[in-house]
Amino acid sequence: MTVTVNRYKCGYCGACVSVCPMAALELVETWIEINNSCNDCNTCVNICPIGAIESVKE
Amino acid sequence: MKDKYDVIVVGAGPAGSSVATTASKAGLDVLLIEKRQEIGDPVRCAEGADKKGIKRHIKPDPRWIAAEVKGSRIFAPDGTKLQISEELFGAEVGYVLERKIFDRALAEQAVSSGAEVIVKTSATGLIRKNKQVTGIHARSIGESVDIKAKIVVGADGVESKVGRFAGINTTLAPKDIETCAQFLVSGIEVDEYCQFYLGNNIAPGGYAWVFPKGRGIANVGIGVLGSRSDKGMPVKLLSNFVKHHFPTGKIIEMVLGAVPASGPIEKTIADGFMLAGDSAHQSDPLTGGGILNALDAGVMAGTVAASCIEKDDVSEKALMEYERQWRETIGKKISKALVVKEKLVTLTDEQFNTLAHSIKGKCDSTMGVFDIVRALFRANPKLLWEFRNLIK
Ligand SMILES: Cc1cc2nc3c(=O)[nH]c(=O)nc-3n(C[C@H](O)[C@H](O)[C@H](O)COP(=O)(O)OP(=O)(O)OC[C@H]3O[C@@H](n4cnc5c(N)ncnc54)[C@H](O)[C@@H]3O)c2cc1C
Ligand code: SF4
Ligand code: SF4
């Protein structure tokens, strides 16, 4: 399980990075990279001010 | 870029540039790295700051002052207005800055003090010898490099990674963060006051703001407490707010961001390592203001770095002096602000209205945040019992 970031929506603000308990997210200049440690807690989905993050249910 | 410095500072925001300026002036060999290719852009800020505070750090320059403000107005959910003219919300008798230019001016100040700045360079890890931090792994314009230093200072903002690399948990719980959206709105009427709007329908656990930037434009934004936000809420609420208050306004810029509202964290140092600014959660949890605390903490970190390197002891124990200094000053202020924030986020709109009515007409131009807190407590001791220890 993981999340996806819609990079056409993302405003590269880093809010999601700051709340991720698994350090799964990284802001690389203008996009978010996601590693495989996401535990699907959904915190970033609710924090993103513009709603650019979706959780991916497999 | 060399392969070795006295101090490496990660992040060229206000905190990082302040550390770099201070440490360079003290004679240290300093490298300031910034992940973005343009310092200060994109902005993540409403740009309000107290004049006196800014002047402590840099000579005012019209290039980065968008407007000067005389005071603040706070609106309760029912529209009741409180007008205060001083020391409120860090935006009192203050400047509304042009952060893109301001942040670059701070970096220029670091450079003219002797620091080396390098952009498009990101810290990706820490080099350690036993427990001691002795440098950084970095990606500099696409290339991996290792750079050594006696002290590494993390000033990498709200999305801080280097704190975590050093073993300091800087993850913010949703209740400890304000998630924000802001539009630069043009073609509207503005005066010389910053305005704040409270209410659970306007901004749950936060507030909306209008900070004038002169010439008919203003930063209009909203902060929502993370634990009360859901997907995309800040942008949705802000769009409604702007439609309601500025129906003819035109949006010419969008800002997203988040600000720590946790109060002091447990630890900001390790062997050969310090954290400053938003990465150390030194922003004010009540107002979300963090520029001045970042600048002040930067001076403390830079000064302590210089004296520790001179004594050839960069152990956690020696760097404790930084921790002691910021807790005594910034720490005390933000702890108090946290008590007020934690209470305000529990209030209903009716309670906000009651509070506003209870001191309406009693606010005057000499009142600061804590004078208002005191007046509110006196008028509403039962409702605000948690404030009893703040008013001494
Ligand atoms: C919407 C909003 C409104 C605000 N309004 C106000 C206000 O009106 N007044 C006020 O005083 N404060 C305000 N703040 C808070 C203020 O913006 C911050 O407190 C302030 O910018 C903190 O400075 P800093 O130097 O600690 O971090 P930042 O300014 O965030 O700088 C950190 C820098 O580090 C860089 N960086 C991050 N990771 C790395 C890495 N791995 N390697 C290299 N570089 C890295 C980033 O790119 C960034 O440039 C607001 C915040 C928000 C989100
Ligand atoms: S869902 Fe949770 S663990 Fe996964 S990226 Fe988002 S915050 Fe991190
Ligand atoms: S919080 Fe949203 S807008 Fe900000 S960086 Fe993360 S995905 Fe992008």
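Heads up, the Cβ atoms here are built off N, Cα and C, so glycines get one too.
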Listed in TrEMBL for the FAD site shared with B:A15, B:E34, B:C45, B:A46, B:G48, B:A123, B:D278, B:G290, B:I291, one of B:R73, B:R99, B:R104: B:R99
B:C45 (FAD binding site): secondary structure state under DSSP, collapsed to three categories: coil
Neighbour count (Cβ, 10 Å) for B:G48 (FAD binding site): 25
Model confidence over the domain 'FAD-binding' (B:4-170) (mean pLDDT, whole number): 94
Least Cβ-crowded entry, counting other Cβ within 10 Å, from the binding-site residues listed as B:A15, B:C45, B:A123: B:A123
Residues B:A15, B:E34, B:C45, B:A46, B:G48, B:R99, B:A123, B:D278, B:G290, B:I291 [recorded FAD binders]: greatest CA to CA distance in Å: 29
Chain-internal residues near B:G290 (FAD binding site), provided their CB is under 8 angstroms and they sit 6+ positions away: B:V259, B:P260, B:G277, B:D278, B:Q282, B:S283, B:D284
Counts by DSSP class (helix H/G/I, strand E/B, coil) across the domain 'Digeranylgeranylglycerophospholipid reductase catalytic' (B:176-259): 17 helix, 40 strand, 27 coil
DSSP-derived class (H/G/I helix, E/B strand, else coil) of B:A15 (FAD binding site): helix
